[in-house]
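S.K.: I have a structure here, written as structure tokens, and I will follow up with some questions on it.
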């Protein structure tokens, strides 16, 4: 290598040293030096001494090398294929310094440049290590940490390094040198007539190893799977470690003496069983333990390979040097072994193992085995037992009086021990033996020190100690500390032919004259001489005398029948009615517009239906023919065009639209005001078209989806995806957001976070901050559903296997179900009918279940022909429960009772979550990493949106521009009760 400037040429240090590595790694066969670049001493190169463990003089870098978190200006290059940041030790230092297990080797590189006169190029192994361990009684998990091994084939030295294993596990794995010992067997130095593991099994095999530690009998299983050679000729290995290992304190070092192992060979398998002693030392402490190893190596024999000469059925592996080291600063676990494989020697019988270590002793199960010299041992009964060690019986401390239970306590004998329990009304003192009288804690709800509203308006809930919460009683609204009466009469709870009387905390309904009933249902009195129109007209006229009343007074003809056209005298709205006085859907017109034509149907014309008329007909079909008061129906004029002013049902929520029915932004009104969007003159028949570069405004409906740590916003134009207007709504660093739903009453979005193990929410108002509302008792919260009427949320936890509920502020939390659940995922709610639905994608028995919202009447709805029901949605328009199955690849729907099941689409990719809106389904897909829309009627894909950032999308929900009111169902009664 070039170290100084020679003949005017730059030294190597002016070039990044690592640039040479891709050149050296790009060739699998041997390279001739002339193929690399002009070289030799005449070019200023340094020459390494001949040998297999020589190193260069220092190579100084003009630009320091950044490696991990350090900077290096000096490098050394060795003939054994290692680049290091410090000079190499000499051969004589290997045993003393454990080289290279404690050596800062930076990067081994692949090259067939051999200065050892053909004595063998090094072998290299790359891989990943995963584990689920109990270190003592502490669980430790790690996934896909790096493993690198470096083997010098000419003398059987194998070095293994595993990085970033958590410290307790790495310290406990120090004695398990067989993890790196596999590579010693694979590439062991072969004695004449013998073959190492790689010569026999090649680069594809499975190594299963079971290790039992003594005297604790902890057992761990290690599986190492070889997956062939990678493009750089490295052997690829995957290692999995499962089980329990003894705890090894920090700073202790492990020492293992040289050993021998016998390997038994058959057609496609190799087995070995051996025992190993090891010592743990720290300062003057020296402890000796042992373990027993059962190894099984299987591989595929190539039947096309030439027949092998006679091969011994047993070979002996001699391991001359064994080193294990863990560096806490680097977080690297290292093993080093030196191996030879050869014939079995006569003196190779394994060293006898003390019975205390292998479990063959005769001590009682409740006794301790104390090892002696060789195979000698003694037995001693454990504390709490008595006997000779070979037979031990329990000692009853309660009967003999050898216990510490004090007054007001009861002694209970246990096998090998005892426990003290306090009598009723007493509790343990700090010594855990003396029982003292329990002082009843203060209860603010009972002693009157709470700050809740009066008892007739609110209730106080005690949570233990001095904590309490306040909740308004039914019929009142507020925070529990201040409660105001709710005017139920403004919510139209009574029958239209009844009079509502509001009272503090309650209300009552009374049928009008000419009707009879309980006020919630009123039936015309057949004995009355007045017609229904006249009776309603008389009642409305009587109510009109109240200040602020806005009752509609029905218009009747001379015979007392309802006039086909009805108009509200205060608001100016007009609509058509049937003979019973019920409004004809879709006929309502706003103030100032031409009243609808309510006479006999005109003669049919050849004019095709307009967009407004088709949309109105489609929505009416979804609503079942008769929409609710809170459901939107497009209002069209006599020509089928959109009336400029559109309103939600019978509410005062109105807005202006353009000729295509799209909402004009900024025109949405609040109750009591009407937007000024009615022109003073008749609009021209031909309207100017908008400029082609103007983006049509959104009608206010959009989708929210979760993607990693983000919540995305995807607006809809009708049912079409407005992909160009999509954006990130909220970014939460470090989160994995899965479930999502929306509360339309308070314009809040709620989500679950499996990384933070929380449930949070945020307002959609500008500048709102996220708020965590549930932050305990969760492991993997996934599905989430919001009941905007009862102000309740429901969620699933796929690790705890629970379904829980709480109020929207996280209070009054309770577990609905915790049995017969394996992997609960999606959850949906029907707040109108009070039903809850959820999926369980238990791979052995997947199912969809339902219950009432309070957890009663649980039953299985679907459990046949389903695989992985990931997504679930309840469609309030069609009254159908629909799900997307990642196992069967189907989108299916059923009625709420499980009947009428039908397939909408049978060729999905990998759906995760689904939501329904209008005549479309929208689902997130893990194969496409996007949002896919499917037509409900045709079952065809209509569009898809693929975010620029390609990663898995999880939950999805739809946000409407209005909030259905529904009914506040009480349990068993529609009245609110005071007190």
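Cβ from N, Cα, C; glycine included.
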S.K.: Labelled region 'Disordered' by TrEMBL, one stretch among 535-559, 560-584, 585-609. Can you tell me which?
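M.R.: Result: 585-609 is the stretch TrEMBL calls region 'Disordered'.
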S.K.: C-alpha of residue 647 (disulfide bond) to C-alpha of residue 574 (disulfide bond): distance in Å?
M.R.: 13
S.K.: If I take the alpha carbons of residue 567 (disulfide bond) and residue 654 (disulfide bond), what is the distance between them in whole Å?
M.R.: 18
S.K.: Pop the Cα-Cα gap between residue 654 (disulfide bond) and residue 574 (disulfide bond) into the table, whole Å please.
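M.R.: One finds 15 Å between the Cα atoms of these residues.
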S.K.: Per DSSP, how many helix, strand and coil residues does the domain 'EGF-like' (485-521) have?
M.R.: 4 helix, 16 strand, 17 coil
S.K.: Other than its own, how many Cβ atoms are within 10 Å of the Cβ belonging to residue 647 (disulfide bond)?
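M.R.: Result for residue 647 (disulfide bond): 21 other Cβ atoms within 10 Å.
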S.K.: Please identify, from the disulfide-bonded residues 567, 574, 654, the residue with the sparsest Cβ neighbourhood, meaning fewest other Cβ atoms within 10 angstroms.
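M.R.: Minimum Cβ neighbour count within 10 Å, taken over the disulfide-bonded residues 567, 574, 654, occurs at 567.
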S.K.: Excluding the flanking five residues on each side, which residues at least 6 beyond the ends of the domain 'EGF-like' (394-436) place their CB within less than 8 Å of a CB in that stretch?
M.R.: 366, 382-386
S.K.: DSSP on the repeat 'LDL-receptor class B' (834-878): how many residues come out helix, how many strand, how many coil?
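M.R.: Reading the DSSP string over the repeat 'LDL-receptor class B' (834-878) gives 0 helix, 23 strand, 22 coil.
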